[in-house]
Amino acid sequence: MSDCSSSGSDEDLDPESELLDELGGKLSKWTNYIHGWQDRWIALKGNILSYYRSADEKEYGCRGSICLSKAVITPHEFDECRFDISVNDSIWYLRAEHPLLRQQWIDTIELHKAESGYGSESSLRRHGSLLSLTSAASGLSTASASSFKKAYSLQEKLAEMETFRDILCRQVDTLQKYFDNCADNESKDELHRDKVSDEEEDFPTLRPDADYLLNNNNSSKEKLFSVNTLKDPAGIDFKGEAITFKATTAGILSTLSHCIDILVKREESWQKRLDKEIERRRRAEDAYKAALTELKKKPHYGGPDYEEGPNSLINEEEFFDAVEAALDKHDQIEEQSQVERSRASRQISLTPDTFSSISTQKYLTKPHSHTSSLSSVDLISASDDVHRFSAQVEEMVHSHMTYSLQDVGGDANWQLVVEEGDMKVYRREVEENGIVLDPLKATHAVKGVTGHEVCHYFWDTAYRNDWETTVESFQVVETLSDQACIIHQTLKRVWPASQRDVLYVSVMRKILSTNENDPDTWLVCNFSVDHDGYPPSTRCIRAKINVAMICQTLISPPEGDKEISRDNIICKITYVANVNPGGWAPASVLRAVAKREYPKFLKRFTSYVEVKTSSEAILF
């Protein structure tokens, strides 16, 4: 039995035991729609897949784990580096650095999944057996008999068969040794017989008398006994070995019969299970078609498959619903913050000096403020505005003054999409390579404000956060001159659309009228440029814009000698926007969102300017 134990210890070092060791590596895991793909340390041990923030943080515990027993591993249809692991409603989206590494991960996970479910073939050899030579010799030993009562598994019976095999091999070797010794003794016996017959022929034939018999009796007996007496070869008990051999073979046949019984019972059991599964599948197939539609209505919207893109699994209607819900949420948050700001402003008490200062300076020209390098109060002309983008600025300004102020009629194919009072919004449908590039034009008339005031609050970044609700953050990258700067602006994420940013030159100009009867024009022009310090990032899609806010102030003379008040002025606004979103999104969704958001923007901004200037001196 020492041989058996030693062989068993060697089996424990089987290479398949390496599956019990922990395997790990770095993969990209989809976290959420805000942070996207993040590098995580993925660990695989047994049938448990865990992930950590990094390999150094393993000692603090895993951030999540799933059991692979019922997991479904699915390679992505389009992304060659991505694969998904789903267990019920839990889905892990993982990406490898290259397709070969992805396939290695999939093969390893599938192997661990199979090993955890059914065990390996070599595991049968690791089962110890309580059978010994003595128990085998008893035919049906106590352990073997009890195995029928306890219904030992097939693996345990196979382990017993291996034990019987080892015992039988040793018994065959013993019997073979016995027969070999018998054959050697037989050949020696024949040799002795030939030698004795030769010796008898050398002596004369005499009648043996008593003395001869007495004198030669002992030596003859020794020769006879030495030739005819057979000792057991090598001290082997042939009868005992035969009985043991018979018992071992009986044990093998008995165990084999039991294995066959187990297989038959399992076959019957599996047949019953198969029949049940066929019936379940028949019923499930009917429910599957109805459930499939319902499941599509409740997708895992946090997954990367439902982001914008030509391969997005979300249809246009659901895409629009998601965008509209996100915009409504943003509006609700903005309204709440506006209420809080207005409440805070009402709590600030105004001193008498403040009222007197407002009343005395109401109709005075506002002096230039040096607190902001982007202030535009003193801006009169752009003749001295020289910088590296001057040529592009002149080209953009000339283009807007030539084409943007033209009437929307004619062959321009402008479509009126929104009309609310004095505000009208027009659109021309343009698509290029499947990307919506619809130019938009809006006209509006606002009483009580001047074109200079509207352009001032639209251009000056000091007021940007007061009226702009779609901006997450912005930064003045470079100040080109007193009336021109470069701005990097990150827009708020509206899921499922990807987050976007813009990098543009913003310039404000006053265009003097060549006709005395026509008013002067104030213009703010924003157009996209490139900057070495702010290249496009993987976090956002870089959009391209060409936007202009063009304002003219119309003054109606006051009655008598009264001074011009805000009741006598009207600002005529023309707003044009050409936006390239930089990525694919459903055309119907973009147009519906533009139809909703542009009028809201104009109303919100002009209302802000009205409130901001109501107590200020008129800025012509």
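Yeah, the Cβs are placed from backbone N, Cα and C, and that goes for glycine too.
It is 265-298, from the ranges 265-298, 333-366, that Swiss-Prot records as coiled coil. Going through ASN181, ASN185, ASN413, ASN526 against Swiss-Prot, the one listed in the N-acylsphing-4-enine site together with GLU468, GLN489, TYR575 turns out to be ASN526. Swiss-Prot assigns the feature motif 'FFAT' to one of the listed ranges (318-324, 549-555, 584-590), namely 318-324.
DSSP assigns GLN489 (N-acylsphing-4-enine binding site) to a strand. The number of other CB atoms found within 10 A of the CB of TYR575 (N-acylsphing-4-enine binding site), across every protein chain shown, is 24.
Its own atom aside, the Cβ of GLU468 (N-acylsphing-4-enine binding site) has 17 Cβ atoms within 10 angstroms in the protein chains shown. As a summary of secondary structure, the domain 'PH' (20-114) carries 23 helix, 42 strand, 30 coil according to DSSP. Taking Cβ-Cβ distances under 8 Å and a sequence separation of 6 or more, the neighbours of ASN526 (N-acylsphing-4-enine binding site) in its chain are ILE487, TYR504, VAL505, SER506, VAL507, ILE545, ASN546, VAL547, ALA548. Long-range neighbours of GLN489 (N-acylsphing-4-enine binding site) (same chain, six or more residues apart, CB within less than 8 Å of its CB): VAL471, SER473, PHE474, GLN475, ASP501, VAL502, LEU503, TYR504.
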